[in-house]
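Residues or ranges marked as signal peptide in TrEMBL: 1-17. According to TrEMBL, the feature domain 'Endonuclease/exonuclease/phosphatase' maps to 21-271. For Glu97, His152, the entry in TrEMBL reads active site. The disulfide bond annotation in TrEMBL covers Cys191-Cys228.
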Amino acid sequence: MIFLFLLFSLYLIETESLTICSFNVRSFGEAKCAKPEVMALIVKIVSRCDLMLLMEIKDNKDKAIHSLMDLLNSQTEMKDEYSLIISKRLGRNTYKEQYAFIYRNQLVSVKETYQYHDMQPGDPDAFSREPFIVWFKAPKTEVKEFVIIPQHTTPEAAVREIDELYDVHLDVKEKWKSENFIFMGDFNAGCSYVPKKHWKNIRLRSNPEFIWLIGDNDDTTIKSTTNCAYDRIVVHGDKMMKSIVPDSASVFDFIKEFGLTETQALEVSDHFPVQVQIKKAKNFVDKTKSFFKKIKDKISGK
């Protein structure tokens, strides 16, 4: 019986991967934080992920996100606790939002951060909410390190802002000499905001070195009356692309998963999260196999 348990445990570890998610949680602030049933659902959504990008945090008192972290970690074993890194409040006028990354300490750590300076010569103020870029270390995965460039575009400027992410990548590449990139967020990259005829003008799309993992026909919206691929994940870099678990990129339909009504889901957000998985490092799996073999041999008296 113990041997079967060990085999099952080994299977879980071998197949385990790093789950990276992106979620526009829609107007996340004190009002939403005051609804226990909504917060419970957000915790369930976040806790499925090892690394989560949250967008549309709108709380000038900076309380809601820390309440979420307290609730999340209160339901998590110490070895699986999450940490938070959050941008400053971003926006052109009085309307401001923040980007936040919530990550599992055991699997991921922050190497560096960079708030993109949106004042490039000849092209100033391209973004309403300029990217808050984070360089992550994930030593137990195949890729080891990667940069995430998040973006929540202004719908009416989606084409320009998505295209400008190409320049952001060049800037970061020069700054950090990194080759492995993930672009993700609410790009508003669908329906009327990005008409088909405009895709050819978006360098992040027309350049074949950038792989779009969430397709144009994937619906990332909650409402049954809409069908738009607003939320996307794009990867760049040979190691990054090879480290992706095949067919792991998907939209997480928490209406079906949690048995909710559309009305209940809209209390949480008007978007579904999107997600992708990164492969575990081969040497980590090999070490785990060796560990369990020793235990098996000890039990069998070898």
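Backbone N, Cα and C define each Cβ position, glycine as well.
Of all the recorded positions in the record (Glu97, Cys191, Cys228), the one with the smallest CA separation from His152 (active site) is Glu97.
Cβ neighbours within 10 Å of Cys191 (disulfide bond), excluding its own Cβ and spanning all shown chains: 15. Across the structure, Glu97 (active site) and Cys228 (disulfide bond) are spaced 23 Å apart at their Cα atoms. The local packing around His152 (active site), expressed as other Cβ atoms within 10 Å of its Cβ over all shown chains, amounts to 24. On the 0 to 100 pLDDT scale, the model's mean across the domain 'Endonuclease/exonuclease/phosphatase' (21-271) is 96. Counting every protein chain shown, the Cβ of Glu97 (active site) has 19 other Cβ atoms within 10 Å. Cys228 (disulfide bond) carries neither a helix nor a strand DSSP state and counts as coil.
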